[in-house]
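Written below as structure tokens is the structure these notes are about.
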Amino acid sequence: MNEINYTEVSEFVFLGLSTSKHIQHFFLAFSVLFYVTIMLGNTLVVFTLAFDPHLHSPMYFLLGNLSFIDLCLSTLTVPKMISDLSSGHNTISFQGCVFQIFVLHVLGASEMVLLVAMAWDRYVAICKPLHYLTIMSPRMCLLLLSGAWIIGFLHSVAQLGFVVHLRFCGPNKIDSFYCDLPRFIKLACIDNYRMEFMVAANSGIISIGTFFLLIISYIVILFNVRKHSSGDLSKALSTLSAHISVVVLFFGPCIFVYMWPFPTVPVDKFLAILDFMITPILNPAIYTLRNKDMKVAMRKLSYQFLNFRKMS
């Protein structure tokens with residue numbers, strides 16, 4: 001009879017970003033400041049897009065969902081890190097760790113697919129402007145968003161399918177500030193080379209696949225615009241530069257963590273900070289500071305909120 005896998009480890013211990021108290025205090029202040037900024041920036045984007053009827057278009061619909069996912073990604077890891085740095089209690093339950101991994105992969109894969117949807121939106125807007133509203137109908141936007149979440153869910157289920165029956169019977173220290181799937185697998189009481197390969201292959205397919213799909217779409221857009229005029233090309237480059245910046249910032253760390261054959265802990269931790277605290281700030285900044293309509297709408301919403309507070 002085959003031996004049934006079971007879990008003896010009931011919790012994991014995060015080693016965090018540093019053992020130095022001075023550096024921990026720095027990261028605590030840094031994390032609080034950046035998380036508050038992430039909350040305010042992305043929440044303002046979501047509410048502005050929801051309540052301003054002038055921004056109820058496909059591009060802004062997708063942008064609002066990108067901000068929502070960024071907000072969720074940060075909330076999944078940063079508050080726990082702030083709590084650990086302030087209390088010194090750096091543990092997480094086994095179930096909590098699995099849940100964090102599951103939600104992290106749902107959100108990460110969904111954002112990858114959503115970025116592809118945003119690239120498709122820009123392709124239609126630039127290359128087929130007369131048919132834009134017909135192609136990017138409300139139904140199409142909902143289908144793209146639903147597809148992003150479904151693919152993210154299926155990807156995460158597949159990842160956990162590889163590891164859900166692993167046996168953990170010894171070391172329980174994760175050299176990070178969140179539950180990272182590659183480091184989670186390394187703690188299992190089995191030869192994990194094959195498991196790591198399967199997880200890396202699954203993540204690699206969706207991350208590298210969507211990354212090259214995005215690059216190809218941008219090349220196609222620029223090639224089509226170049227055939228018309230150099231003025232249109234410069235305008236398209238200006239429009240796409242924001243998207244390309246977001247793509248590089250988001251996909252770079254993901255591909256490095258899961259596909260680089262020689263992982264190093266300090267680099268992985270830096271890339272995790274980039275993913276959970278830097279990119280979620282840059283996304284609303286990149287898309288809003290370059291967009292006149294967004295800036296006007298956000299200013300208008302802020303004035304309405306202040307007036308409401310005065311009246312109450």
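Including glycine, each Cβ sits where the backbone N, Cα and C put it.
Listed in TrEMBL for this protein:
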type     : residues : note
DOMAIN   : 41-287   : domain 'G-protein coupled receptors family 1 profile'
TRANSMEM : 26-47    : transmembrane segment
TRANSMEM : 59-78    : transmembrane segment
TRANSMEM : 98-120   : transmembrane segment
TRANSMEM : 141-162  : transmembrane segment
TRANSMEM : 204-225  : transmembrane segment
TRANSMEM : 237-258  : transmembrane segment
TRANSMEM : 270-289  : transmembrane segment
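Restricting the average to the domain 'G-protein coupled receptors family 1 profile' (41-287) gives a pLDDT of 83.
Listed as Cβ neighbours of the transmembrane segment (26-47) (distance under 8 Å, sequence separation of 6 or more from its ends, same chain) are residues 17-18, 63-64, 67-68, 70-71, 74, 78-79, 81-82, 85-86, 277-278, 280-281, 283-285, 287-288, 294, 298, 301-302. Residues 59, 62-63, 65-66, 69-70, 72-73, 76-77, 92, 144-145, 147-149, 151-153, 155-156, 159-160, 164, 178-181, 184, 203, 206-207, 210-211, 213-214, 217-218, 243, 246-247, 250-251, 254 of the same chain lie 6+ residues outside the transmembrane segment (98-120) yet bring a C-beta within less than 8 angstroms of a C-beta in it.
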